[in-house]
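**Q** Dumping the structure here so I can ask a few things about it.
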Amino acid sequence: MKGDKRRDIRDILLHDETLFRNMNAFDPDYVPENYRYRESQMEALAVCIRPALRNGRPVNAVILGSCATGKTTAIKKIFEMVESTSEGVVCCYINCQLHTTRFGIFSQIYSKIFGHQPPETGVPFSRIYQTIMQHLASEKRALVVALDDINHLFYSKNANKVLYDILRAHEVFEGVRTGVFAVLSDIEFRYALDKNVDSIFIPQEIVFPPYTREEVFNILRDRVRVGFYPGVISDELLERITDHTMDTGDLRYGIDLLRVCGNLAEADASPVIGEEHLERALKSTGPVNLIHTVRTLNENEREFLRILADAGEDMTAGALYELFRESTGSSYSSFNRIIEKLEFLRLIDTRLTGKGVRGNSRILIPRFSREDLRRCPGF
């Protein structure tokens with residue numbers, strides 16, 4: 001029996017037939033060749049960058065829209081077009097989930113300009129900043145920085161510093177022309193800025209509305225055509241996947257469902273994706289927003305969530321900290337910072353109980369089920 005099982009596993013690993021023509025088509029970072037339904041937003045982005053191509057200053061923009069509405073893809077597409085047109089504009093896309101510090105942001109800008117990262121030690125931030133701005137001034141190049149998920153810079157309390165450093169550079173370095181595309185889903189974003197930043201960051205608002213059902217179906221069908229060989233999945237099954245995608249409100253869920261269905265069908269040595277593969281995929285896939293957020297957490301933050309989920313009930317901060325300290329050895333101040341971050345990311349809620357010192361004892365409440373968390377990669 002064990003020998004048969006080993007042969008089954010070996011067959012799966014060595015099987016050289018595939019349903020996938022291009023598995024990358026189902027990756028979260030994939031930029032499709034056929035990018036539809038965002039022509040007006042692309043035009044608005046182009047209008048913001050156009051002055052930089054004419055030796056002027058780019059127009060700042062706030063790019064608003066819920067998750068998976070095409071914001072990131074639109075920016076990457078327009079940046080590719082600009083860079084293929086002119087060397088006079090540096091277009092730098094930065095994922096603020098991954099880079100949350102002032103040094104991290106400007107290291108990405110430095111890398112974009114010079115082709116390599118600056119030294120991580122021994123070089124002060126001021127020198128890196130000066131090198132960037134002197135290059136822009138001497139080469140007469142404009143800089144446009146897209147700060148994707150800029151809310152993470154607000155959590156790390158670096159948003160105002162970063163925006164100030166970019167947008168007021170011309171006051172110190174004559175001739176420098178800079179602009180920022182701030183990408184987020186919070187329409188109240190600009191009101192969180194310091195006055196000295198708010199006075200210079202007067203952005204155009206570019207809104208990415210949710211896709212309609214017809215648009216979602218067509219986008220998923222485009223991915224199917226690129227990612228699978230012909231005949232792998234029927235339009236009827238794609239309609240069902242579209243319905244589930246609309247229920248979640250997140251296009252990434254549908255794209256991920258296609259990938260999981262394809263993998264399950266391959267494991268069964270099936271030439272097509274069937275109803276049974278979709279049913280199994282639905283049971284194995286967690287909420288897409290939770291999955292994408294959890295991917296950005298470090299190991300201590302994930303351990304915090306594991307402990308809270310394993311408890312099976314709401315916990316006081318004190319009780320959770322005792323378990324967290326035993327597991328990680330972290331200090332209470334680190335524990336508190338994790339609470340603040342996870343609450344900011346809407347993974348947990350907190351509620352004062354009125355007990356404890358000065359009545360500040362807190363109950364920690366997860367905003368997800370244990371089962372959903374367990375279905376996230378890394379748990």
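Backbone N, Cα and C define each Cβ position, glycine as well.
Found this in Swiss-Prot, in case it helps:
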BINDING   Thr69, Gly70, Lys71, Thr72, Thr73, Tyr211, Arg223  ATP binding site
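Each of these features: where is it, how hidden is it, and who are its neighbours?
**A** In the three-state DSSP reading, Tyr211 (ATP binding site) counts as coil. Its Cβ placed at the centre, Tyr211 (ATP binding site) has 22 other Cβ atoms within 10 Å.
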**Q** Would you measure the largest Cα separation among Thr69, Gly70, Lys71, Thr72, Thr73, Tyr211, Arg223 for the ATP site and round it to whole Å?
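**A** Overall maximum Cα spacing for these binding residues reaches 18 Å.
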**Q** As a test of the contact definition, list every same-chain residue at least 6 positions from Thr73 (ATP binding site) whose Cβ is closer than 8 Å to its Cβ.
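**A** Thr73 (ATP binding site) has long-range Cβ partners Val31, Pro32, Tyr35, Arg38.
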**Q** According to DSSP, does Thr72 (ATP binding site) sit in a helix, a strand, or coil?
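**A** Where Thr72 (ATP binding site) sits, the three-state DSSP reduction gives helix.
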